[in-house]
Each structure stands twice: as structure tokens, then as C-alpha cells.
Amino acid sequence: MGDPERPEAAGLDLDERSSSDTNDNEIKSNEEPLLRKSSRRFVIFPIQYPDIWKMYKQAQASFWTAEEVDLSKDLPHWNKLKADEKYFISHILAFFAASDGIVNENLVERFSQEVQVPEARCFYGFQILIENVHSEMYSLLIDTYIRDPKKREFLFNAIETMPYVKKKADWALRWIADRKSTFGERVVAFAAVEGIFFSGSFAAIFWLKKRGLMPGLTFSNELISRDEGLHCDFACLMFQYLVNKPSEERVREIIVDAVQIEQEFLTEALPVGLIGMNCILMKQYIEFVADRLLVELGFSKIFQAENPFDFMENISLEGKTNFFEKRVSEYQRFAVMAETTDNVFTLDADF
């Protein structure tokens, strides 16, 4: 007897099976309010999803550019770092420089085309813009610190030159290319990319801030981690609106897979011990972040991990932490979050 799990056993060849899966996903998409095609997608008002719109306005209010980050004090600090510290920082920056482009690939190729709700499309459009700013910032940091053109080229091509960066990139790229997975599964996967794959590296750079090092690097990291926290929160909000959510078992499978890759990245491939951090505590921190993401998605914790890094308590890996309310370093655009009725323009001022 043939294996019942094999496609031919069910009377389908692989192409037919793939077509069947695609059709199933199309049927499920029609059941999803977020994905249902409508001419309403071309017009923003009246707002149908005020919470999604509010997140878009929050992202808009947080806009910044690479030119606004002062790197003048970083180079003297860089020149005083140990070789291990330089190695670690440069390779982390190489990972980040490539990763934002991958996130944008997903937004352009998949999410922006699949989601039909204009409020969400506004958010994704702005996310694409700010991810480009992040990528420019990381590239500028590499350009500033690394003077050797060959080393610089090696870092800019990290997906090809560094196996451990390639492993993380391949995991994310696989989800972009996957035509069988549901929208909900891919929302979880990219929440894991921005909420888990970035978390340990953010923590490592904040560790440098605690030591008073590299003010330009650490300030840009503060802004970027705030942005990524908001993106992760937005993914969780989109997930809550889904009618056909993936099962808790499937969500846990995706999250655990991401946790294992990130733990390997920062404790074996590019160990945080190089900058004096504790690898065991870093593993715990990644588990803590994963638990927090699971709760925000509406599921129970897996690891029951405590946050081992006190300096990360107020850091914006949740978009709604102190960062936004405190107007971090004044990087909140004037009046963007104000009610429209507050913005009254008159011509009766005294000149």
C-alpha cells in the first residue's frame, strides 16, 4: 500500500496539491475582512478601523532621518574598543543592514498586496519608509566605523558572507516565498522576525549604552527599537482581527523555531560574551521576549522566563512603552497625534 501522506496516494500530483492549497487560501482570504477585495481600499475616510489608524498616526509622529543622528563622538570610542567588541558590533550591524530590506520585501511583495484595508495599507506604506531609514542608518554606521573597503564590502554582503546571518535571512525569506502558508501564519512569522530576531541584538547595543559607549549608535538603536516595537504591536493587532487564526500549536511552533535560531545566533555563532554579556542570560532574555509576544498574540507563555536585564525594562520592544509617551529625545512630530479639531488655522493673527 502507498503512504497515505504522499500526494500521489491521494490521487494528486504535486502541482495539483499546490493548486489545491492555493485555492483553499483564496477561499479563506475571502472570509477575512482585512483581505477581502473592495473598491473601498482606494479611499481612507471614513475610518473603519480607528485602532489601526491610530497606530499609523503614531508611526507617522515618530518619523526621523539618519541625518538627525550625531555620529561625531562615535569614532573615538570605536578606536578604543577591544578587537572582540569591534568584531561583534560590526557583525551585528551587518545583520541589521540586511534584515530591514528583507522586512520590506515582505511588505512590498506580500502584505501590502494582500491586505485591502486602507488604514493598514497606510501603516505598511509608512513602515516601508522607516525600514529604509533603518537600513540607511545601519549602512551609515558601517561606513563610519569600518575604514577598510574590503571589510566594508564583506559586511554589506552579510547574507552571502556570513552563514549565521544567512540562516536568519533564509528563515524570513522562506516565509515570503511560501504560497501555502496562511496570512495569519506569516503575520506571526514576521512578528517573530521583528520581535525576536532583533531583540537580542537590540539588548546587546543597549548594553553598550549602559557602559557609556558609542552615543550615536546607541541613540539610533533607541529610535529603531522603538519603531520595531510598534511594528510588532501592529502585527499583533492585525492578528486579532483575523477570523481564521492559526492554531496555538502552530503559533508556538513558529515562535519556538525563531527563538532557537536567535539563541544560537547570539550565544554560539556571534556570542555576546565578546562584549562581556552573559550568554545564559541572553538565552533567557530571548525567551522572555518570546513569551511577551505570545501573550500579545493572545496565547499563553511557553518559557515562563523573567527579564534578566534590568536595563531593558523601559526599552521599546513593546511599541506602547514609555518611549512614545515620553517623546523620546523629542522625536515625535509636532501635532501629528493631536485631534484635527486642535489644529485650527486662522488668518486673524496680529502681524
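Just so it is clear, glycine is given a Cβ too, placed from its N, Cα and C backbone atoms.
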Binding-site annotation, Swiss-Prot, Fe cation 2: partner of GLU131, GLU228, HIS231 in GLU194, GLU262, GLU264: GLU194
Listed in Swiss-Prot for the Fe cation 1 site shared with GLU131, HIS134, one of ASP100, ASP143, ASP148: ASP100
Nearest-integer angstrom distance between the alpha carbons (Cα) of ASP100 (Fe cation 1 binding site) and TYR138 (active site): 10
Count of other CB atoms lying within 10 Å of the CB belonging to GLU228 (Fe cation 2 binding site): 27
Check: same-chain CB within 8 A of Fe cation 1 site center, minus ASP100, GLU131, HIS134: SER99, GLY101, VAL103, ASN104, ILE130, ASN132, VAL133, SER135, TYR138, ILE224
Nearest-integer angstrom distance between the alpha carbons (Cα) of HIS231 (Fe cation 2 binding site) and GLU131 (Fe cation 1 binding site): 10
CB-centroid shell, 8 A cutoff, Fe cation 2 site GLU131, GLU194, GLU228, HIS231, site residues removed: ASP100, VAL103, GLN127, ILE130, HIS134, PHE198, ASP227, LEU230, CYS232
Whole-number Å value for how far TYR138 (active site) lies from GLU131 (Fe cation 1 binding site) (Cα to Cα): 11
Set of same-chain residues at least 6 away whose C-beta sits under 8 angstroms from TYR138 (active site): LEU93, PHE96, ALA97, ASP100
